[in-house]
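Now, the feature entries from Swiss-Prot:
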| type | residues | note |
| --- | --- | --- |
| TOPO_DOM | 1-52 | topological domain 'Cytoplasmic' |
| REGION | 1-35 | region 'Disordered' |
| COMPBIAS | 1-10 | compositional bias 'Basic and acidic residues' |
| TRANSMEM | 53-73 | transmembrane segment |
| TOPO_DOM | 74-133 | topological domain 'Extracellular' |
| TRANSMEM | 134-154 | transmembrane segment |
| TOPO_DOM | 155-172 | topological domain 'Cytoplasmic' |
| TRANSMEM | 173-193 | transmembrane segment |
| TRANSMEM | 196-218 | transmembrane segment |
| TOPO_DOM | 219-224 | topological domain 'Cytoplasmic' |
| TRANSMEM | 225-245 | transmembrane segment |
| TOPO_DOM | 246-256 | topological domain 'Extracellular' |
| TRANSMEM | 257-277 | transmembrane segment |
| TOPO_DOM | 278-336 | topological domain 'Cytoplasmic' |
| TRANSMEM | 337-357 | transmembrane segment |
| TOPO_DOM | 358-368 | topological domain 'Extracellular' |
| TRANSMEM | 369-389 | transmembrane segment |
| TOPO_DOM | 390-394 | topological domain 'Cytoplasmic' |
| TRANSMEM | 395-415 | transmembrane segment |
| TOPO_DOM | 416-434 | topological domain 'Extracellular' |
| TRANSMEM | 435-455 | transmembrane segment |
| TOPO_DOM | 456-463 | topological domain 'Cytoplasmic' |
| TRANSMEM | 464-484 | transmembrane segment |
| TOPO_DOM | 485-489 | topological domain 'Extracellular' |
| TRANSMEM | 490-510 | transmembrane segment |
| TOPO_DOM | 511-539 | topological domain 'Cytoplasmic' |
């Protein structure tokens with residue numbers, strides 16, 4: 001059966017000088033109803049949500065909160081190295097004077113000591129200074145490289161064999177195993193290997209969380225729901241300075257504490273989450289998809305019509321292998337994912353780089369990280385509001401520009417003679433860095449939501465996972481630049497600033513998706529966008 005034509009936004013995948021009239025989308029989609037035998041009719045999942053369940057109700061909010069809790073552990077696992085791999089303060093034994101990290105290299109081992117026990121961080125325990133200073137960047141770099149590879153594996157599993165929910169469960173359990181194992185590392189090389197494994201296994205959390213949360217809400221609320229999920233990432237980030245301060249004498253205990261949280265979530269809370277009805281439908285499990293939709297409707301105080309069926313998005317059922325092959329053979333999809341990944345590389349590089357670079361500011365590490373974490377809250381609020389009133393493309397690009405310019409200003413404020421000339425330079429640098437981090441956080445979060453809307457259901461998790469791979473590839477380069485920043489903070493901020501501006505420029509060639517429908521298959525989306533482009537060319 002062929003669905004009747006839907007009204008789609010008149011947008012074209014070109015640089016942003018082409019205006020678009022979003023008011024056309026506000027007229028709503030024409031209801032598509034397919035008459036079936038026995039007086040039954042079929043709707044798409046989008047239509048069932050909009051017409052019978054509600055675009056956003058108690059059920060969707062509760063479900064989004066439930067699956068988004070896992071972002072807490074993702075943040076803790078990702079950013080723990082800010083504290084576990086930091087270089088602690090040292091002092092001269094003769095005078096008790098504080099010694100800068102670079103100055104230790106000219107001293108004999110008996111002339112100085114770490115302030116506090118050697119178990120504070122991996123740097124003090126294994127003496128990763130001077131000729132070994134770049135070794136401290138290896139574990140974090142391998143963590144993000146592991147996340148890069150893991151994202152591809154989890155994306156395939158979530159779109160094919162396991163679905164979103166089981167993949168999230170698997171990722172949480174394996175995150176616990178590897179994080180707990182890290183606390184027993186005997187040397188930096190075992191530590192680095194286990195960080196790689198930890199990054200690999202935790203990489204399924206983020207993509208599954210955002211897809212599970214957004215696939216059951218109406219198109220008007222997709223951006224906001226995707227953004228609100230990042231509140232939990234912020235909570236995880238904000239919890240780190242407190243936990244790190246309480247366990248500041250043992251980086252091993254810090255790892256043990258954060259390791260048990262994802263296990264508790266996987267056992268106690270995740271079983272109550274629903275699998276995505278869109279994924280169930282694409283896999284031919286129509287009855288299970290209807291069961292989930294009925295539960296959502298019931299929680300919203302509504303009931304689905306007894307004669308309702310779901311439109312099969314794949315009349316001739318393909319297996320996942322053919323869907324993956326079609327993804328890489330579909331020209332518009334490949335072009336789009338390349339641009340998304342290019343923007344994601346710069347965004348991930350800057351977002352994680354600013355956080356890891358906190359120790360290179362002229363400020364207290366715990367306070368700096370806490371300020372950065374607090375800036376995530378206005379970033380989410382502002383991003384959520386702007387997603388409701390602005391197009392995705394300019395929102396991402398402008399946020400990237402702001403983050404880039406803030407980093408460049410931080411570079412100027414890092415010059416020693418500027419710090420000496422301006423008495424409030426340290427506070428000003430912290431404020432500018434916080435604004436830059438807020439902007440980079442907004443860009444990072446918006447790009448997640450943007451990617452969800454750019455691709456259809458049968459490859460959506462794969463696309464989001466590829467974006468995460470780009471994020472992680474960018475993030476894997478950040479620790480090396482942070483290590484360089486210990487010698488030249490100005491240089492690290494300059495590189496972060498340029499990368500952020502470039503990622504914003506790349507995004508200008510992405511298609512706008514605000515208020516556009518979510519399609520189920522590549523063929524369905526390609527056909528709709530082709531008709532849309534032809535219409536624009538005619539008009």
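Including glycine, each Cβ sits where the backbone N, Cα and C put it.
Contact between the transmembrane segment (196-218) and the transmembrane segment (337-357) is not supported, since fewer than 3 Cβ pairs fall under 8 Å when only residues 6 or more apart in sequence are counted. Tallying C-beta pairs under 8 angstroms between the transmembrane segment (257-277) and each of 173-193, 225-245, 337-357, 395-415, 435-455 places 173-193 first. Looking at 53-73, 225-245, 337-357, 435-455, the range that has the most CB pairs within less than 8 A of the transmembrane segment (369-389) turns out to be 225-245.
Averaged across the topological domain 'Cytoplasmic' (278-336), pLDDT for the predicted model comes to 83.
Counting Cβ pairs closer than 8 Å to the transmembrane segment (464-484), the top stretch among 134-154, 173-193, 225-245, 490-510 is 134-154. Among the stretches 53-73, 134-154, 225-245, 337-357, 395-415, the one making the largest number of Cβ pairs under 8 Å with the transmembrane segment (173-193) is 134-154. Counted as Cβ pairs under 8 Å, contacts with the transmembrane segment (435-455) are highest for 395-415 among 53-73, 134-154, 225-245, 337-357, 395-415.
Below 8 A, the CB atoms of the transmembrane segment (53-73) and the transmembrane segment (225-245) form 3+ pairs separated by six or more positions in the chain. DSSP assignment over the topological domain 'Cytoplasmic' (278-336) gives 35 helix, 3 strand, 21 coil. In summary, the transmembrane segment (490-510) does not lie against the transmembrane segment (134-154): fewer than three C-beta pairs, each 6 or more positions apart in sequence, are under 8 Å. Using DSSP to sort the residues of the topological domain 'Extracellular' (358-368) gives these counts of helix, strand and coil: 7 helix, 0 strand, 4 coil.
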